[in-house]
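To start, I am sharing the structure in question, which I have written as structure tokens.
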Amino acid sequence: MRKPDSKIVLLGDMNVGKTSLLQRYMERRFPDTVSTVGGAFYLKQWRSYNISIWDTAGREQFHGLGSMYCRGAAAIILTYDVNHRQSLVELEDRFLGLTDTASKDCLFAIVGNKVDLTEEGALAGQEKEECSPNMDAGDRVSPRAPKQVQLEDAVALYKKILKYKMLDEQDVPAAEQMCFETSAKTGYNVDLLFETLFDLVVPMILQQRAERPSHTVDISSHKPPKRTRSGCCA
């Protein structure tokens, strides 16, 4: 297996849908409830580069492993459930500190999952289904509760992270570009999330390669040793 050129890590509390997001993107399916033990990863080829995507466990007993998985990460996806405000709070309280081992120019995406369970998500789904002439009245999407976390809350957290990392907003992608609402169940915005990050990570790969010291020897500047009268090299 070829060594990954870069690494992306998903962090977040248990049951926010990290594994489902990753499997929706990589396997194009929505899995039954699966709890990740420790960590698991996929390898994604993007253009000519290999990017590893790590899924981490949200359970408290595996919390310490997150720092290990984040080591050297080029991007971190901080995931919460739009229906549970505490899951957003946990990102700052429990998970942000784990990112200290990531690369110094690490990118952060704030992702609110399970938007399909909200009032807005239900209405969007209902509009699509009403286009079907075979849809019975009893099959309509039932009303859902309003979101507990708004996109503006995610933007506020993103700006807090920049302060925590002592980063200037002008030197990083805008909050509006890095805050997403997704549904692993329907696939809403899942491709957009991952592919936005891939496109942002590729220039970082190129920069790292350019900064690596060259191991090539310039033989054109190499001069042969001078010989002494005894015939030995000086």
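Glycine is treated like the rest: Cβ placed from N, Cα and C.
Swiss-Prot feature annotations, pasted as is:
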BINDING   Gly17, Lys18, Thr19, Asp32, Thr36, Gly58, Asn113, Lys114, Asp116, Ala184, Lys185  GTP binding site
BINDING   Thr19, Thr36, Asp55  Mg(2+) binding site
MOTIF     28-41  motif 'Switch 1'
MOTIF     55-72  motif 'Switch 2'
REGION    125-144  region 'Disordered'
REGION    212-234  region 'Disordered'
COMPBIAS  223-234  compositional bias 'Basic residues'
LIPID     Cys232  S-geranylgeranyl cysteine
LIPID     Cys233  S-geranylgeranyl cysteine
According to DSSP, collapsed to three classes, what secondary structure does Asn113 (GTP binding site) have?
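Where Asn113 (GTP binding site) sits, the three-state DSSP reduction gives strand.
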Output the one of Asp55, Asp116 that, of all these binding-site residues, has the highest number of other Cβ atoms within 10 Å of its Cβ.
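Of the binding-site residues Asp55, Asp116, the most buried by Cβ count within 10 Å is Asp55.
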Would you please pick out, from the binding-site residues Gly17, Thr19, Asn113, Lys185, the one with the fewest other Cβ atoms within 10 Å of its Cβ?
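So among Gly17, Thr19, Asn113, Lys185, the binding-site residues given, the one with the fewest Cβ atoms within 10 Å is Lys185.
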Could you measure between Asn113 (GTP binding site) and Asp55 (Mg(2+) binding site) for me? Cα positions, answer in whole angstrom.
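Asn113 (GTP binding site) and Asp55 (Mg(2+) binding site) have their Cα atoms 15 Å apart.
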Compute the C-alpha separation of Thr19 (GTP binding site) from Asp55 (Mg(2+) binding site), stating it in Å without decimals.
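That comes out at 6 Å between the alpha carbons.
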Give the mean pLDDT for the motif 'Switch 2' (55-72) on the 0 to 100 scale.
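Taking every residue of the motif 'Switch 2' (55-72) together, the mean pLDDT is 79.
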Please report how many Å separate the Cα atom of Gly17 (GTP binding site) from that of Asp55 (Mg(2+) binding site), as a whole number.
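Checking the Cα atoms of Gly17 (GTP binding site) and Asp55 (Mg(2+) binding site) gives a distance of 10 Å.
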To the nearest whole angstrom, state the Cα distance for the pair Asp116 (GTP binding site) and Asp55 (Mg(2+) binding site).
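Rounded to a whole number, the Cα-Cα distance is 22 Å.
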Between the Cα atoms of Lys185 (GTP binding site) and Asp55 (Mg(2+) binding site), what distance do you get, rounded to the nearest Å?
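So the alpha carbons of Lys185 (GTP binding site) and Asp55 (Mg(2+) binding site) sit roughly 17 Å from each other.
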